[in-house]
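What TrEMBL says about this one:
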| type | residues | note |
| --- | --- | --- |
| ACT_SITE | Cys479 | active site, nucleophile |
| BINDING | Cys356, Ala357, Gly358, Pro359, Gly360, Gly361, Lys362, Glu381, Asp408, Asp426 | S-adenosyl-L-methionine binding site |
| COMPBIAS | 7-30 | compositional bias 'Gly residues' |
| DOMAIN | 347-546 | domain 'SAM-dependent MTase RsmB/NOP-type' |
Amino acid sequence: MSESGTSGSGRGNGPRRGGSGGQGGAGQAGRGRDGSQRNAQGRERNRGPQRGFTENAPSQRTRRADPARLVAFEVLRAVAAEDAYANLVLPARIRHHGLDKRDAGFATELSYGALRGQGTYDAILARCVDRPLDQLDPAILDALRIGAHQLLAMRVPAHAALDQTVGLARAVIGAGPSALINAVLRKVSAHTLEEWLDLLLSDETDETKKAAIRYAHPEWIVRALRQSLVAHGRPVSEISDLLEADNAAPVVNLVALPGLGSLDEALEGGATPGELVEGSALSSGGDLGRLASVREGTTRVQDVGSQLVARAMAAVALDTGVKVPGTEGSGVQETDGDSRPGQEREKPAERWLDMCAGPGGKAALLGALAREQGATLLANEPAPHRAKLVRQALAAVPHEVWHVRTGDGREVGTEMPESFDRVLVDAPCTGLGALRRRPESRWRRTPKDLTDLGPLQRELLKSALAAVKPGGVVAYVTCSPHPAETTAVVSDVLRNRDDLELLDAGAALDRVSLTGHLDAGHERTAQLWPHVHRTDAMFLALIRKKA
Ligand SMILES: C[S@@+](CC[C@H](N)C(=O)[O-])C[C@H]1O[C@@H](n2cnc3c(N)ncnc32)[C@H](O)[C@@H]1O
């Protein structure tokens, strides 16, 4: 453990309401660098004027960069300057600097929290800097964001947050800016996060602007998520819970590939059985590489929402032309014509297609399910490096079950018409339903992404509908709840087509869930939510081509 006050890390969250700023986490009592005592929640910090800063001038303070803070700073710099993804840069920087487990946790919390909370922190910093933030050197601004997150949302003693952030700036930006950083962070530390929010929001009447600052989301995303709640039949009053859920670090979910993997080792190691879908568990944290089944690839990290939609696609009834009266369109109650007693016929193996497979999370689960059901899977992905990841993901599934195609999904419908029994279109989307997973993405996305992706999403769905056999089912999935990429795509593509029927996706999800009542369905499509189901906001529509 470093001596730099990193022992007081909170959980991997963005800014939170509440004076202590921290919730959850180990919260052990400890002594800071200056010997000050912290209680179990680290609450000696955030006391405004009472806090005992060292009176040293910045030039007399720490001159070295604490490795955990340096990692966080490098992550923020790579995200801002190189358009990097934090979740890819962070592990590489942690390895490069050889951080131990605890410092790695601190660096994760600091970098993810500072990135998620950027909107709130920038609003606070703007009150503490004597010029517009965009006139600051971007590296200084990133150092200030790191300092603000420590001061306002982590259980780091204020003096350590200041001293170490100034030390970091001296080491990596230069001596000049350290006085500015010191002065600004002192101003930031004069209030708790809740006090800052009161100050910032006291004169604000616009509810969108208020939510944007309080929950650190761009205003357009606040509006988009409100619209999404309404479109999927949920009360708009849930918006605060949804925005707050985006700021919580997601628990790592595991899936044991059916028929191939086992969760025993994970459960013995402290994982908790998943409550929503069979074969899943909530990881107890730590290095998952310690689990042999994870190393083999038979147990994988996968959001429960992804597991549910993949299982629903694999389980939904195909239209074999034999109907049970009163169950038309349910997608779950029709009998399989081939399985009637006394009339058994050799059933040809089903062919499944995962049209947008990279990096292969759902393909691995579908491959395992296909093996169990005697089906085969074609996993398609146009980007060669992602197609390689799909092969790696599928490596644990016997090779005769699957094949990876590197190509454009829009061409599959014409190249392989009416060839597949089940098709998954996990369409490229804005990812507005997975903001908690990608801390920087909310600041990177723009409303234009929604309009740009629309034509591709429609073409992929049309291609899938051309590729599916009569009686077969297409699952259209996004990790976004926005109506422009969910319900609007489905209704546009289904318009004027009497050969297609929308199955009840909510019922199909219920059927593969452990609870049997997810309450995700609305007008025959289904939407999962981080604040309701603790999953990514996955959308599912199931479209069957009439036999
Ligand atoms: C949401 S991701 C799929 C995630 C994947 N199903 C999984 O569970 O790991 C969308 C994928 O679609 C791919 N994609 C983009 N354009 C495509 C196209 N024209 N045809 C097929 N796939 C495409 C992207 O490269 C990306 O890998």
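All positions are counted from 1 along the displayed chain.
Each residue, glycine too, has its Cβ placed from N, Cα and C.
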Going by C-beta under 8 A and a gap of 6 or more residues, the same-chain neighbours of Gly358 (S-adenosyl-L-methionine binding site) are Glu381, Ala383, Arg386, Ala387, Leu389, Val390
Sparsest-packed among the recorded positions, when each Cβ's other Cβ atoms within 10 Å are tallied, from Cys356, Lys362, Asp408, Cys479: Asp408
With H, G and I counted as helix, E and B as strand and the rest as coil, say where DSSP puts Lys362 (S-adenosyl-L-methionine binding site). helix
Under DSSP, is Cys356 (S-adenosyl-L-methionine binding site) helix, strand or coil? coil
Secondary structure at Cys479 (active site, nucleophile), reduced by DSSP to three states: coil
What whole-number distance in angstrom separates the two most remote CA atoms of the S-adenosyl-L-methionine-binding residues Cys356, Ala357, Gly358, Pro359, Gly360, Gly361, Lys362, Glu381, Asp408, Asp426? 19
Just the number: how many Å between the Cα atoms of Cys479 (active site, nucleophile) and Gly360 (S-adenosyl-L-methionine binding site)? 15
Have a look around Gly360 (S-adenosyl-L-methionine binding site) and count the other CB atoms within 10 A of its CB, chains all included. 25
